[in-house]
Structure formats: structure tokens, C-alpha cells
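All remarks here apply to the structure that follows.
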């Protein structure tokens with residue numbers, strides 16, 4: 001640090017003077033407190049007002065910061081129009097899981113107890129109720145049994161159920177559906193987007209601009225109710241779920257029913273939901289591992305099918321969680337569950353998998369946050385009876401069935417968008433950083449009449465004080481030490497001069513070499529001067 005002159009020192013002292021700073025600071029009130037003169041009542045009142053305003057300002061700032069730290073959010077609802085909408089996936093399941101005509105004695109041997117609650121002694125009577133002969137003498141069951149193969153073979157076939165199919169007036173068929181296993185058995189999904197298939201869209205709303213299908217529920221194939229079990233179906237019809245292609249169906253929990261003898265109109269409205277991630281919300285955007293989750297375990301043999309990681313969904317997360325839990329407890333998975341574990345045998349279904357899954361659902365141990373973006377479909381249902389008296393005979397001739405069969409087995413399902421718009425439900429942060437800064441600035445201007453530049457002025461003044469009072473202290477101390485050292489040196493030199501004897505300019509005896517006269521001084525320079533003299 002260079003030495004400072006007296007003028008620089010005075011300017012530095014003036015810059016760090018609180019009175020000089022208060023007279024030029026833009027913060028209101030400081031000039032009235034630190035002005036020239038002594039303590040007066042007016043100055044005390046100004047000091048009190050400034051302190052109270054400063055306390056109120058700090059309280060408001062702390063309150064705003066606390067509110068911001070709670071990370072509140074708000075939900076907005078907006079109705080938006082679109083030129084076209086992607087048609088949803090539609091999953092259909094017959095309420096009856098297995099056809100009576102396809103069950104064999106081998107099926108009853110392996111799965112009769114687990115699925116139907118039959119004792120081995122009741123197999124013959126049940127086969128007679130199915131209209132089939134009992135097992136022949138010497139019947140030997142197969143060494144192994146696969147539940148997925150049972151449902152693929154004995155479940156209702158879409159080729160037999162689907163009487164008519166049209167999408168936006170154009171014909172469609174079983175090839176437009178994808179087989180998928182759910183807890184209700186073998187089901188079928190329209191417009192699933194599986195295997196890279198292009199998703200269908202619609203440019204118009206209203207009936208006739210969606211999916212219209214006519215189905216035969218095949219009541220003659222329904223299994224006879226032998227015992228009242230927990231999952232025994234007493235109804236007849238089709239279970240339907242309308243969902244996004246990004247999530248697997250949970251039709252046993254979220255599906256609605258369509259009854260035979262009725263045409264069911266389903267008016268849909270698309271809802272696009274957006275949730276916030278932490279700390280404002282708890283949504284998740286991570287993709288699910290295909291080893292833990294495959295939303296299409298539709299291979300009857302249960303062989304794993306490699307595919308890209310599916311997007312995160314709430315239903316997919318729960319299925320993956322349930323699959324891992326059952327696999328850990330039982331060493332297998334239920335046929336509708338994702339994963340690479342082997343499909344449980346009927347005995348494992350009865351003894352382990354079903355009880356474990358029910359216990360898990362009661363405890364609700366799966367913690368699955370909402371996805372950050374998802375699509376749902378609001379529905380409005382209405383029904384009319386079919387067939388009319390005028391159409392009953394025509395339909396009976398067309399499908400080679402009786403009029404009573406048409407009334408008891410045939411249904412029509414019409415799914416369409418209500419209008420070509422959708423609802424955008426979005427979570428947003430209720431209090432942003434910009435709002436926090438705006439509130440702090442407003443409180444600062446209201447209570448103490450300051451701004452961001454005022455804070456810079458205060459920081460600049462504190463730097464001046466630090467440089468003058470702290471660094472200046474060490475500089476002055478160092479300068480004092482230097483001055484003290486110079487004084488001691490000067491005194492030592494002066495002391496040496498006082499010990500040198502008075503030299504006369506008159507005649508004197510011959511001088512001796514410097515080695516002799518060196519005793520007059522310890523300095524070589526002094527020795528030289530004395531010798532010259």
C-alpha cells in the first residue's frame with residue numbers, strides 16, 4: 001500500500017464519516033438523525049420513526065420469505081380449442097372371463113379350485129353343468145399348466161363377439177384391436193398405438209365421428225355360478241375403459257359397464273393435466289424400467305418382449321409396484337402384471353398371489369406420485385333400448401339369431417368427443433421469485449423509502465469504513481513502527497557524533513596509520529575522515 005498524503009487522508013476520513021454519508025444517502029430519515037448538532041427531541045423522534053419503520057420492513061420481509069418457502073401452488077382451468085384431437089384408447093372386457101365350451105377336465109383339475117372354488121369331488125357335476133361329459137376313466141392331467149394359455153384359449157374371442165365396427169363411418173375389425181391381459185382376463189384395446197401403430201385422430205365432435213361397435217356378449221358361454229366367491233360375476237355385459245395410450249388400463253377398478261339390449265352413448269371431453277415437481281408438488285417424470293414394467297404383457301406364453309421404456313403413469317407405477325411385491329412374496333407374477341417373473345400357477349394364485357395382492361391393496365403400500373403431465377377423459381353416458389320392434393326381426397335375420405337372443409346378448413357402444421376442444425388443468429407456482437422481489441421492493445419503498453441502489457450505497461459506505469478504520473489501523477500501526485525505527489537510528493548516529501574528540505587545525509604530531517586511529521570510531525567511514533584530517 002502506498003503512503004497516503006494528508007489531503008488523501010482527510011478525504012478518506014470524510015468519506016467514512018457517518019454524517020457525510022447520511023446527508024447524501026437516499027434512504028429517508030438518515031439525514032435527520034445524523035445531521036450536525038447535538039441530541040434534540042426532533043432528532044430522537046426521527047430516530048424512533050426510522051427504527052420502527054425498519055422493524056416493520058424487516059418483519060414484512062421475513063413474512064414474505066417464509067410464505068415463499070412454503071411453495072404454495074394454484075390450479076388454473078382453461079378451455080382450449082383444437083383443429084383435431086387424438087382419439088383415446090378404448091379397452092373392452094367381457095365380464096365373463098372364460099367360455100364354458102372351452103373348459104376341459106384338465107382345466108378343472110388345475111384351476112377349478114383357484115378360479116371356481118370347486119372341490120375335486122365336484123368336478124364331474126360341474127362338467128355336467130357345462131354340458132360336457134365327465135373325465136374318462138384313467139384321466140391323467142398334464143404335468144404343467146399355464147394360466148395365460150388358459151385365458152388365451154378359453155377367453156372370449158373378439159372375432160366371435162364383434163358383429164360390426166365403424167370408426168368415423170369407415171369399417172374396422174379385429175385387426176384394429178390389440179390383445180391385452182388384465183385382472184378380468186383377456187381383453188382388447190382399440191387404438192392402443194402398440195407396435196408403432198399410428199394413432200387415430202378426429203377432426204369433428206359429436207356422434208358419428210368416433211367409434212361405434214356392436215358386440216355379442218355370448219351369454220350362452222357364461223360359466224354357471226357354482227359357489228359365491230369374492231370375484232364371482234353376477235352381471236352380464238361388457239366392461240369398458242377409455243384411457244390414454246400412455247397408461248395401461250385398470251379396467252377392473254376404473255371401467256364402466258355396457259349392458260346388452262341397450263345402445264350406450266359415451267360423450268367424452270379430453271382433459272390435459274399438468275402437475276408441478278418438488279418443491280411445489282410431488283409429480284414424477286421418470287420413465288419406468290421395462291424390466292419392472294411392460295404395459296402390454298399380452299404374450300400368452302408370458303415371454304418378455306423388449307421395448308423402449310414407457311412413460312411414467314400412475315396406473316403403470318402401481319402395476320409395477322404390485323408386480324414386484326407379488327414376485328418378492330411368491331416368486332411369480334399374476335398374468336396381467338408386468339415383469340419377467342414366471343406366471344403363477346393356479347395353486348400359487350390361490351395360496352399366495354391373490355391373498356398377497358389383496359393385503360397390499362388394503363394397506364396401500366405403493367407410493368406413486370402423479371405424473372407431471374397426463375391425459376384423462378371425462379365421460380357422460382346415456383342409453384337407449386335396442387332392438388326396437390321394427391329392427392328386431394331384421395337383426396335376427398342378419399345375424400342368424402332369434403329376436404330374444406338379440407335382445408339378451410347384443411349391445412351397441414358409441415364413443416365420441418362432445419366437441420373439438422379440451423380442458424387444460426395446470427398447476428402453477430402461486431408465488432414466484434419475481435413476486436417475492438416485487439413485494440420486498442414495495443415494502444422497502446413504503447417503510448424506509450429505499451431501493452436497490454440504496455443498498456448499494458450502504459455497501460459502498462461499509463467498504464469505505466472498512467478500508468479507513470480497519471485497514472487504516474494496520475497501516476498506521478506499520479507507519480508508526482517505521483517512524484520509531486528511523487528515530488532510533490538517528491539517535492544512534494547522533495550518539496556516535498558526540499563521542500568524536502574535537503579536532504584542531506593547528507600543527508600536530510605525525511599521524512599513525514588508520515589502524516591506530518580506528519579506536520576513535522567503529523565506522524570505516526569515520527576512520528577515513530580522521531585519517532584525511
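Using the three backbone atoms N, Cα and C, a Cβ is placed for every residue, glycine included.
Of the given residue ranges 373-393, 394-414, 415-435, 436-456, Swiss-Prot assigns the label transmembrane segment to 436-456.
In the three-state DSSP assignment, the secondary structure recorded for residue 187 (disulfide bond) is strand. Here residue 321 (disulfide bond) is positioned 9 angstrom away from residue 368 (disulfide bond), judged by their C-alpha atoms. Averaged over the topological domain 'Cytoplasmic' (457-533), the predicted model has a pLDDT of 58.
Residue 330 (disulfide bond) counts 21 other C-beta atoms within 10 Å of its own C-beta, drawing on all protein chains shown. Secondary structure at residue 165 (disulfide bond), as computed by DSSP, is strand. In terms of local Cβ density within 10 Å, 283 ranks first among the disulfide-bonded residues 283, 368. Comparing local CB density within 10 A for the disulfide-bonded residues 93, 317, the maximum falls on 93.
Cβ neighbour counts within 10 Å, taken over all protein chains shown, single out 187 as the most crowded of the disulfide-bonded residues 172, 187, 321, 332, 344.
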